[in-house]
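Taken from TrEMBL as is:
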type	residues	note
DOMAIN	A:76-199	domain 'Cytochrome c assembly protein'
DOMAIN	A:269-392	domain 'Cytochrome c assembly protein'
TRANSMEM	A:12-32	transmembrane segment
TRANSMEM	A:44-65	transmembrane segment
TRANSMEM	A:77-98	transmembrane segment
TRANSMEM	A:105-123	transmembrane segment
TRANSMEM	A:143-165	transmembrane segment
TRANSMEM	A:177-202	transmembrane segment
TRANSMEM	A:261-278	transmembrane segment
TRANSMEM	A:305-327	transmembrane segment
TRANSMEM	A:339-355	transmembrane segment
TRANSMEM	A:367-391	transmembrane segment
Amino acid sequence: MSDLVQWSGNLLYASFIMYLIATFFFGGAIRPKKNGQKQEENRWGKIGITVAVIGFIAQLGYFFTRWAASGHAPVSNLFEFITFFSMMLVGAFIIIYFMYRLPVLGVFALPVALVIIAYASMFPRDISPLIPALQSQWLHIHVTTVAAGEGILAISFIAGLIYLVKTIDQSKRSKQTIWLELIMYSLVAVVGFVAVTTTFTLSGYEAKFEYVNKDGKAAEETFHIPAIVGPNEGKLVTEDKFEPIVDMPAFINAKKLNTTLWSLAAGALLYGLIRLLTRKRMGALVQPLVKNVNTDLMDEVSYRAILIGFPVFTLGGLIFAMIWAQIAWTRFWGWDPKEVWALITWLFYAAFLHLRLSKGWHGEKSAWLAVVGFVIIMFNLIAVNLVIAGLHSYA
Amino acid sequence: MAKVKCECGHVNPHGTILCESCGRALTEEAQKEKLHDMRYEGSARRSQTYNKTIIDKIWNFFSSVKVGIWLIVLTLIASSIGTIFPQKLFIPNNVSPETYYEETYGTAGKIYYTLGFHDLYNSIWFIGLIAAIGVSLVICSLDRVIPLYRALKNQRVARHGSFMKKQRLFALKEEKLQPEEIEKVKEKLKSKRYHIREEDGSLLAEKGRFSRWGPYVNHIGLIIFLIGAMLRSSEGMYTDEMLWIREGETLEIPGTQGEFYLKNEKFTIENYDKEKDPEVFKEALERTGGVVKNYQTDAVLYRDENRDLPGAKPKLVKVKEEKIRVNEPLKFDKFALYQDSYSKDEMKAMEFALANKETQKEAGRVKVDLFNPKDTYDLGNGYKVEIVGYYPDYDGIGSDGEPKTKSPLPNNPAFLFKMFSPEHPKGEISFTAIRQTLEPVGETDYKMEFRGIETRNISALTVRKDLTLWILGIGGAIFMIGVIQGAYWNHRRLWIRQIDGEVYVAAHTNKNWHGLKREINSVLEGTAIPVPEDQQG
């Protein structure tokens, strides 16, 4: 049994490495040819996609060995779900790649997948048994379909991002450059989160607090990162640890807010360093990568990904979700925050499709919308689970 | 209103922009366009044609996609506001929302409550928004689908040159085409599943027209879904009841008009066991402590055969025996019973011993059923216990000197016993509560010693009947079909015409132009027919 778990972990690790290697090959594939021609798929691209596919197979291996070990599809906690989402993102990328043969997609999609896997690994990785509400075939059906839909929709974000990086004028500061930097910073902040969490986990930092919780009762909480903000009326119990600067009101989860603050700060530091060393906006820094991109085609890929992903998301995130909710929670719809955010995601992409089809929102507008859609998906994936507690907060 | 007759002889409805048959521009604006707007094939939409009466105005308002998008966006924003703080539904039910939001979330909470966001999804304006979306769906669809259907049905093979020139993909070349050239292209088009029509040397290849109906099909699905959701509030369609049932109890199932009864044989909560359950879970269980494995009510369903006899006692006939678990409701008739909640270890009976304080000798034991205590318990040999007062949910002594009870539920039972013994035939008074004994009228020789407690679990089951589910199911299925139809297929057309020694080629698709270009390239490659070029951008 534990052998399987070991194997599963190694396979995930292997896929991580593969995606990393594939990214570099795709990077090689988009270098301009000497004669300056626009290039079709070349040898670098072929190697890149091969390595990416091997990585994807390794990740499938991780998924199924873990399934075999636990007896249920590994999509039942945040680590498992986010990892599965990254797998679906790569899967969607591979499909889109074979439709359009655009190595530049890989240069952006795979790093995003890498960041997501790294992020997922910061959550508890042990295999947890299923609580009664999750013991259903619908767990596999609903969760996998949602993740697949979101993975495909994420590709539209990737294509939109490439479009923006290419078209936004970096010669002067504008609203667009600022927003683009914000996207770049967000990605860096995730790396910051991974760095901070890993550092303090390795150093074994622990600070215990006694505090008064939301219901006015005494409670305890252990921080694994030095507390900048402490819990409501918190008292540091562990000696010689960092005293929080300020206490939070009871309804705010100080531990999570603290982690967020640390991540943002670490992200800011990293981002600042990059800016300082390169003396360029990050948008300008990556712009050379997209020099040969056909913007019309990128616009089309972004739209196509939404057209493919929207029905899948609707099926998984709303229809299967409702069927299961009727079985497990007695009602198909209950305005649980996660449900509401799935509806919001759906409404957003519905609005996108109407704007595109009827109002002719193409190009840059459409690309920004694809970015916003991804932000909503990420919000639902992460913030709703961690911040707004509801029926879906399993992790 | 006057119909519009085109030069080609086709009679178009009033308001038509491009002739349904040949595609000639019928309005001045359309004649000036660089590229034709092909979204609705230049058909006559009511909203673009009439704007006089109040009905026209309402129609035009709701038929606008812009308005539709605004409604979607407003619903989206409103929905997200509802998740900032928990809705009324999710706050503890023993507190008043009025104070809860302010106490828990401060001023922001107070504002949230005052604005009514704590019950946002049931507010009139939110329901109004959804209703407006419903109206918009109907009107938007009707305004477009009928003229679009007409235009696509009446389209002729040979389109007017001006129509072809104003397509996004277009090419023109001086050339005389050989019949075998056309045949070759036709073969290729057929192998790509195009439907081909010909008319005096002109050719129209078309495929995937049905994808144009996708949006309207999915809107029909949505409308059916919304109607289903609306019907839920009508009488008899929907039941939402709770049944709290103790182990051993048989109760009428609320909402079934006395037809069905349920017996709770046993209620179980089972936790995962580090030793017995698979080893892989060990770490997680050690980290998180207990994880529940199962909530289960062993239930027996009965039907009352005497239901139709007024005044008759229920005659219960067993229907079936089932285990109700989360995800495995008990279904019967149009109802389903769901494992929803529970209360563990409710006190059922208490056992006391009547004992002499000095000798420690027991004179006998009394077992008090907390739901149905007897007045006296005779222990023989002159020993007897009388319950003078029973306070199931004891809450201290009131100002009048009498013990008080909070509720009729035995949460904290207390008794006023009168203990009879050969030494005290008139009885001694003892007040006995949990961990507390008072002797209000003087010290006693005997006491009631606590010996044990019997508990039982209460299972909470949701009783649900929802006769709208099938409507929602049909609506959802139609929606999915429509979305897939519209998203996964494209409507592609290729026109080839020879006019005065020139070859005109034009192509149109409702989306995925990249795919269309690739397809046309592969069809026309190596032929004398020019490959149409993108005139946009």
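Using N, Cα and C of the backbone, Cβ positions are placed for all residues, glycine too.
Remember, TrEMBL labels are computer predictions, not curated facts.
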**Asked** Looking only at the domain 'Cytochrome c assembly protein' (A:269-392), what are its DSSP counts of helix, strand and coil residues?
**Response** 99 helix, 0 strand, 25 coil
**Asked** For the domain 'Cytochrome c assembly protein' (A:76-199), DSSP counts of helix, strand and coil?
**Response** 100 helix, 0 strand, 24 coil
**Fill in**
Per the Cβ filter (under 8 Å) with a sequence gap of at least 6 from its ends, the transmembrane segment (A:77-98) is approached by 12, 19, 49, 52-53, 55-56, 59-60, 62-63, 66, 105-106, 109-110, 112-113, 116-117, 119-121, 123-125, 128, 143-144, 147-148, 150-152, 154-155, 158, 301, 304-305, 309, 381, 385, 394-395
**Fill in**
Given A:12-32, A:105-123, A:143-165, the one sharing the most C-beta pairs under 8 Å with the transmembrane segment (A:177-202) is A:105-123
**Request:** Looking only at the domain 'Cytochrome c assembly protein' (A:269-392), report the model's average pLDDT.
**Result:** 90
